[in-house]
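The block underneath contains the structure these notes are about, expressed in structure tokens.
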């Protein structure tokens, strides 16, 4: 059987970089070259500061870079010399979760390899299987035709996104009835037919894959004249958008129906913890809705660079074609306590572990009163009782709002402004999402 000695991966992004770094790490006898047209990205891969933050990735790269792992912009040479070429890992779809990508690659649930049902296609499948079999048990390597492999990828992410939208829809019902979505999720998750994965209510899912793959599924169904199926999966996206808007509306409502000129500390900008990836992060959209109302945002994230935050918020669809408003309304800080200093409200958008360990007594004392905390990730559940006691003991009060649970029984009374906020929780997305 043909043996692969040299691999070329086209694309040094969130998929190609980690995937081929782990292949090189697990297969020291194979030379792996990752190529990209982006010179600055390649320079970063060859430096001490990788372009991607992923736990364990730096150690993997440093263990084999310069030995059998290379990053280059010389695409033609890498392709010419390769026995096998990955193009964004298309026919070998990845099932990586950012934050655990290295572990997922080293200990995958399964490896899916698709190919043509021809002699050449089957030869390519066997050759790639031989690469993965160096560290993955054969029973976990699945081979299919190309359509099945691609549709499996789309369906997997669609099912995961669907579970998040499902539990988020229940979170809205819990807030209206007095139930606790965490208790509901635990109860239904113990049913072995359902399981407990991806039943964590939040401000909505993000990342590059979920929305993209669901929308690809929607597009595919529409193109194949399956409108009912397309509508079903579109609702997963619509519910995610509703959850984001609903959370932003709660912030505005609690702050006496106006946030214009008010300082709001936003903790977390990546789409989830343990990654610096901000693509489709709910933080971007919550920031947009608050900026639309004139709020002054002070943003902190332990891994996302200031330049990335400003770039994301300056996109035309987010800045309302007015990027100047970002410089007027957004301040990126390097310290969470600085972000919260003299703030009217604190909003947690990413579930970074460090946010559970902050000194909230100190934060509260330095916030304007009445102070408001909006926990969009349920990271402060263990502090609710303490914070409620602090609220009662301190002049000025405090209000805690979280996803899927009533923490403060009664609202602080206020007189609504004559003109309500520009967004409403029930408002449909501004335009139908398209591929």
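Placement of Cβ uses the backbone N, Cα and C atoms for every residue, glycine included.
Fair warning: this is a prediction, and the values are worked out from it, not measured in the lab.
Residues annotated as NAD(+) binding site in TrEMBL: 11, 12, 13, 14, 15, 16, 36, 41, 98, 209, 210, 211, 212, 279. If you draw a 10 Å sphere around the CB of residue 212 (NAD(+) binding site), it holds 16 other CB atoms from the protein chains shown.
All chains included, 25 other C-beta atoms sit within 10 angstroms of the C-beta of residue 98 (NAD(+) binding site). Here TrEMBL flags 94-98, 153-157, 193, 200-206, 271-272, 377 as substrate binding site.
Proximity of residue 209 (active site, nucleophile) to non-local residues of its own chain (separation of 6 or more, Cβ distance below 8 Å) is seen for 157, given in sequence order. Annotation comment: TrEMBL describes 209 as active site, nucleophile.
Summarising the annotation, TrEMBL assigns domain 'UDP-glucose/GDP-mannose dehydrogenase C-terminal' to 265-382. The residues of the domain 'UDP-glucose/GDP-mannose dehydrogenase C-terminal' (265-382), classed with DSSP into helix (H, G, I), strand (E, B) and coil, number 46 helix, 20 strand, 52 coil.
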Just to verify a number: CA distance, residue 94 (substrate binding site) to residue 11 (NAD(+) binding site), in angstrom, no decimals.
14
Which one is closest to residue 204 (substrate binding site) in space, judged by CA to CA distance, out of the binding-site residues 11, 13, 210?
210
Proximal residue to residue 210 (NAD(+) binding site) among binding-site residues 154, 201, 271 (C-alpha distance)
154
Binding-site residues clustered about residue 212 (NAD(+) binding site) [Cα within 10 Å; pool: 97, 201, 271]:
none
Among the binding-site residues listed here, 97, 204, 271, which has the most company in the form of other Cβ atoms within 10 Å of its Cβ?
204
Starting from each candidate's C-beta and looking 10 angstroms out, tell me which of the binding-site residues 11, 13 has the most other C-beta atoms.
11
